[in-house]
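Taken verbatim from Swiss-Prot:
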- 41-60: region 'Disordered' (REGION)
- R48, R54: NADP(+) binding site (BINDING)
- R125, S126, S127, N238, A239, G278, K293, P294, T295, S296, S297, R319: FMN binding site (BINDING)
Amino acid sequence: MSGNSIGQNFVVTTFGESHGVALGCIIDGCPPGLELTEADMQHDLDRRRPGTSRYTTARREPDEVRILSGVFEGKTTGTSIGLIIENTDQRSQDYSNIKDLFRPGHADYTYQQKYGLRDYRGGGRSSARETAMRVAAGAVAKKYLKAVHGIEIYGFLSQLGPIEAEHIDREQIEQNAFFFPDASKLEALDEYMRELKKSGDSIGAKVSVIATNVPVGLGEPVFDRLDADIAHALMGINAVKGVEIGDGFAVVTQKGSEHRDLMSPEGFASNHAGGVLGGISSGQPIVAHMALKPTSSISIPGESMTVQGNTAEVVTKGRHDPCVGIRAVPIAEAMLAIVLMDHLLRHRAQNQHVHSETPVLGMRS
């Protein structure tokens, strides 16, 4: 398995399995001198960790991160930052009934075919448990981006099943267990999730993530366009089946006169492009959305087969999220932060002395 790293100048490599001893990651390329403690990462880890509400998995993991290297006297040294989180609440016996079965919609079958064996305990490496280390690494990137460049990143659940946010109130996002920005829909969300859990089924979701104060110029055309790398990072999150930048698939019905973001010395008139033009950041907010499938780990019986190829019925036991999109919000923030951090360092390496006479545009007020 060789796809465990992301980034060129800010490189994040993760390791570990859902029911293994621990999860870990190595961060290479973080500039020296950044003040960093475990507390800087713990906030986002607590937002992602399981067992924090009745809407998510009952697995309870403290997800307490430890810094192993790369930090001395509270500051990054410029060397590799090693991080680790121990697994403490594994219940591998919950998966003994699927040891020789494939769960429909999961990575069981493809891992078995690719590697000739698989860790059936909670999905092993394919489990979303792995994303805890992405969130930890993303928190490092988020701190640097804000401290050095004033870049802020925030995400929210913009749709759960048929319930869509109609109003975006940023202050509301952290005030409820759904990370939902529209307070008028919270009661409907609660009722929907109650009925969903009773049925033993699951549901998909849409998560939006936004970065503000991003400077002009990030992105490396043609193959490492900023939007391409953002899409790559978000698509690499478990259960994500679609990514949009800006207006995304809505551009299919837009006309050119409607979609183009008109410019004047006063700024851009709109942001249909999502803050990226020609693969390079425009200075407007970076806006991305991702669609997450409903988890296949449900208690409703389904047809499948055994490792030997015999027909079988599967009923998934264990502790699972009825909607994986809820805990995906801090993961999306982390992946966007990692991409922006990487591109900032790449841009600095080649273009830090470039000067343009053209004024930098913002959004019109």
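Note: Cβ is positioned from N, Cα and C throughout, glycine not excepted.
Features as recorded by Swiss-Prot, highlighted on the structure.
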{"residue": "R48", "record": "NADP(+) binding site", "DSSP class": "helix"}
{"residue": "R125", "record": "FMN binding site", "DSSP class": "helix"}
{"residue": "A239", "record": "FMN binding site", "DSSP class": "coil"}
{"residue": "K293", "record": "FMN binding site", "DSSP class": "coil"}
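Taking Cβ-Cβ distances under 8 Å and a sequence separation of 6 or more, the neighbours of A239 (FMN binding site) in its chain are A128, L292, K293, T295, V324, A328. Cα distances from R48 (NADP(+) binding site) to the binding-site residues R125, S127, S297 are smallest for S127. Its Cβ taken as reference, R48 (NADP(+) binding site) is surrounded by 24 other Cβ atoms within 10 Å in the chains shown. Sequence-distant neighbours of R125 (FMN binding site) (same chain, 6+ residues apart, CB-CB distance under 8 A): M1, G16, E17, S18, Y111, D119. Of all the binding-site residues listed here (S127, K293, T295, S297), it is K293 whose C-beta has the fewest other C-beta atoms within 10 angstroms.
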